[in-house]
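Undergrad: This structure is in structure tokens; I'll ask about it shortly.
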Amino acid sequence: MAGGAFVAQGGGRKYEGGVTCFVIITCLVAAMGGLIFGYDIGISGGVTSMDTFLKQFFPSVYRQEHEIRDDGNILFGRKMSMLFGGLVFLLGAIINGAAVNVAMLIIGRLLLGIGVGFANQSVPIYLSEMAPAQIRGALNIGFQMAITIGILAANLINYGTAQIKEGYGWRISLGLAAVPALMITVGSFFLPDTPNSILERGHPEESKRMLQKIRGTDNVEAEFQDLVDATEAAKKVEHPWKNILQPKYRPQLVICTMIPFFQQLTGINVIMFYAPVLFKTLGFGDDAALMSAVITGVVNLVSTLVSVHSADRFGRRILFLEGGVQMIISQILVGIMIAVNFGTQGVGELPKGSANLVLFFICAYVAAFAWSWGPLGWLVPSEICPLEIRSAGQAINVSVNMFFTFVIGQFFLSMLCHMKFGLFLFFAGFVVLMTIFVYFFLPETKNVPIEEMNRVWKAHWFWGKYIPDEAVIGGQTYTSA
């Protein structure tokens, strides 16, 4: 690998060049891919709490509810992946907005899922490859920021459309998913591809020019040589899915699997998917339930800004650990309050003061997630893999994330009915496990160039034995966190 760079105080080599307006604007446009994911998350729970939607598509659920109430990306580049994801999501939004039967809803939802999958696969990698190491965390977290904006927008729209007396509000909510889809689709047309992706497709001069443009300097020899070396290593790998199982990629495989698994087992999508339903179950009125979801959406958005400011300044580990402790405390307190007011039978009433406290602690939980596991769950897996397994690693990250999103979404309401307050203690237990996991097995990655991550793994007390000496750039290692 190219020499001549040095190990900085933050743990990473410094290349020539700085932060340019071009790379910031480019990353902000790319981060809009998170809007479709956030809107998709936020819109689902609100729509499924609307009586007019249930009455038209799921009348048995509607009747049951009222009876209960009466009773009590390498081949084509990251850019093309984002473009394709936006187009598919747009088509799904149109079909859902025009749905007249359950079959149309299912087809629309399948297309939305495909669109989200492509965006979630390509956007975090795109951001990590474009951003300079010193602000990679902040720019990559733009993806999570877009997710929170999408969730908040969906909550506000649900609150507004629920007031439409004619009963077509759900159709507006679903159809407006076309707006973020159009934004990422149009934005993708104007995005450049990353130097890594251009080089990988066999255009070295074009790749070097793009690197010079995004770094704002012609002197990019050291960084470009690292990209060339990484690309040459990647070309020797014919089967990245097979290679990622090799021992030398064990740290990346484990982290790209466990981080998204744990991210979903925080229980966050229980709140984001079903916030209106959850608050309604806890005794908030219909409008109050939707407004409470809006409040948690605002907290989610504002708290993500903390991570944008802190990820590159204080590091990933401290945010993971602090966020984990705060989530544990909040979930236990919510579980205790629900236990006191509803007992093991789930029958009771939540006094106004207690309801406000539950909302406060849920907001504290959402805030902790929003500056820790939310953004870092996407940032860390996208920045730790060498080029030859980067797409495979991110595909694992997205697949595990989506699978457990699906599992929890399918079983949450049943779990809430059977476990009641114990559900919050169940998720708190997983947060304890994941916080311990981060403490022992996740090294600090701030300020480390993306192509030099093997130094970090080599210096780690546990993962170091898996990394061969020849996989470390320049023979140097970083101090392990």
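Numbering starts at 1 and runs along the chain as it is shown here.
Every residue, even glycine, has its Cβ placed from backbone N, Cα and C.
For reference, TrEMBL lists these features for the protein:
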| type | residues | note |
| --- | --- | --- |
| DOMAIN | 1-446 | domain 'Major facilitator superfamily (MFS) profile' |
| TRANSMEM | 17-39 | transmembrane segment |
| TRANSMEM | 82-100 | transmembrane segment |
| TRANSMEM | 139-157 | transmembrane segment |
| TRANSMEM | 169-191 | transmembrane segment |
| TRANSMEM | 253-276 | transmembrane segment |
| TRANSMEM | 288-306 | transmembrane segment |
| TRANSMEM | 318-342 | transmembrane segment |
| TRANSMEM | 354-374 | transmembrane segment |
| TRANSMEM | 395-415 | transmembrane segment |
| TRANSMEM | 421-442 | transmembrane segment |
Undergrad: Should the transmembrane segment (288-306) and the transmembrane segment (354-374) be scored as in contact, given a threshold of at least 3 Cβ pairs under 8 Å and pairs 6 or more apart?
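TA: They do touch: at least three Cβ pairs between the two stretches lie under 8 Å.
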Undergrad: Determine which recorded stretch among 17-39, 139-157, 395-415 has the most C-beta pairs below 8 angstroms with the transmembrane segment (169-191).
TA: 17-39
Undergrad: Are the transmembrane segment (82-100) and the transmembrane segment (354-374) near each other by the rule of at least 3 C-beta pairs under 8 angstroms (pairs 6 or more apart)?
TA: no
